[in-house]
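Take a look at the structure below.
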Amino acid sequence: MCYDRGQRELVYRSVALRASSMKRPVFGVSSVCAVFLVWTLFSVPWGSSYPLEGGTGSPQLRFVEEFDRFRLGFSWLNMSCAVCKAIFATLDIALLSDSNMERVAHALGEACVRLHLAEVQVCREITELFRDDVIRALQESFLWPSEACALLVGPTCGHFDIYAPWNVSLPQVPKPPVKPPTPPKPGSSQSRILFLTDIHWDAQYAEGSLVGCEMPLCCRNESGRASWKHTGAGYWGTYGYCDLPLRTVENLLQNVAKSGPWDWVYWTGDIPAHNVWSQTRAQQLNELVTITRLIHKHLGPNVTVYPAVGNHESTPVNSFPPPFVHGNRSSRWLYDTMAEEWAPWLPKEALETIRRGGFYTVEVERGLRVVSLNTNYCARENYWLMVNSTDPAGQLQWLINILQESENKGEKVHIIGHIPPGLCLSSWSWNYYHIVNRYESTITGQFFGHTHVDEFQMFYDEDTLTRPLSVAFIAPSVTTYVNLNPAVF
């Protein structure tokens, strides 16, 4: 038998109290629920500060030492399902008490080091950076360990979509008859649109630094200097695990400005570098402000830019709590600055929805509307969705309302966002596909980034899955990360 979250809390607390008083491992009542097996395996009395019988080490390192004892030398990519479930089940027990948060965070850092998931410095810093938000999300989550591990390890570890299917509500208005598209008449007016995405400016990029370093991101001051045996980072950028110096970003903007005039710009996010283990809010905001003002400077005040929020804009990376999360853990620190910096491009109504959830809609010109989605609310890596992933911020229902209004007016709509819908949680993606199918005559363009490569995703009708009805264009990245040429679309 298994339990819902409330029942689990009672059972876990009972087990923790028994383990604390007995100072030895206890067996749970269920062979189906992994937590009790994990409790036995690791013998960690998380409900107390007592060491195990016969042990002298600190209790927060016990389960890490068990990994060493069994010689489980896993990297993140080959971590087994059993190990992942063990970690999450143990966390589930430990995090019933706020007093365990410090020990849990320390133990996770040690596990990262012992399992060689990353370099020691990265393990230490990323644990410190992520600990408060991730632990709070885990405490409020209703996920079972098998569901969390299906999300992280893959569908072989459980059901990949972490929540039961949910459906948005479409209006009762019948779908208009689909008319085959017709090419524009010769001499029809045209618009030139610049598409920028995934800039990833690295403020610590250093010419001559080591390209093949041990860290997840190289070509930086901390990477060390290249010797005659190794390739050094170039002046403008370098192929490899390297992002771009600011001079390259500015040079690109200077050149695309010369290639104009542009009628408007789609800019689909990811401004900071990939040093996700050592970022601060102040740094993220500085990079947002710097790049926004550079774009405004070089493209000029007469070119309107329509931005979308990338997953790297926040810190910790991918951390985008829905609006029901308030206080310091909310995303207001980020959305408020975006609204301030993007105010020259967007009307007041758009800035209001940006402050609430990071999405907006604007009429580009008569007959054409753009909708900018915050697709971080569909991202598999957004751990806040473990709390509730059902249409976060009501964004898809809001999108439906916008599309219905546009259909009523005869407007056409472009949708922009950072993460392509095919890379989202399946329930979110299914609802999005359903919306695109319903409003295929209204949606005339979709534009995304995130993958760093030039590609597209096709949408087919729901009835036969043979008739193409829409296409999402995915633009290549400005950054060279990884082994790419900088590009615009």
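Each Cβ is built from the backbone N, Cα and C atoms, and glycine gets one as well.
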C157: disulphide-linked cysteine among C81, C213, C218, C219 [source: TrEMBL]: C81
Cysteine from C218, C219 that TrEMBL links to C213 by a disulfide bond: C218
Per TrEMBL, cysteine bonded by disulfide to C149 (from C84, C112, C219): C84
Number of other Cβ atoms within 10 Å of the Cβ of C242 (disulfide bond) across all protein chains: 28
Other same-chain residues whose Cβ falls within 8 Å of the Cβ centroid of D198, H200, D270, H452, the recorded Zn(2+) 1 site, in sequence order: T197, I199, G310, H312, G449, H450, S477, V478, T479, Y481
Candidate nearest C219 (disulfide bond) in space, where candidates are the binding-site residues H200, D270, H452 and distance is Cα-Cα: H200
C242 (disulfide bond): nearby recorded positions from C84, C112, C123, C149, C157, D198, Cα cut-off 10 Å: none
Residue among recorded positions C112, C123, C157, C218, H452 with Cα closest to the Cα of C84 (disulfide bond): C157
D198 (Zn(2+) 1 binding site) and C378 (disulfide bond), distance between Cα atoms, whole Å: 18
Rounded inter-Cα distance in Å - C218 (disulfide bond), C157 (disulfide bond): 33
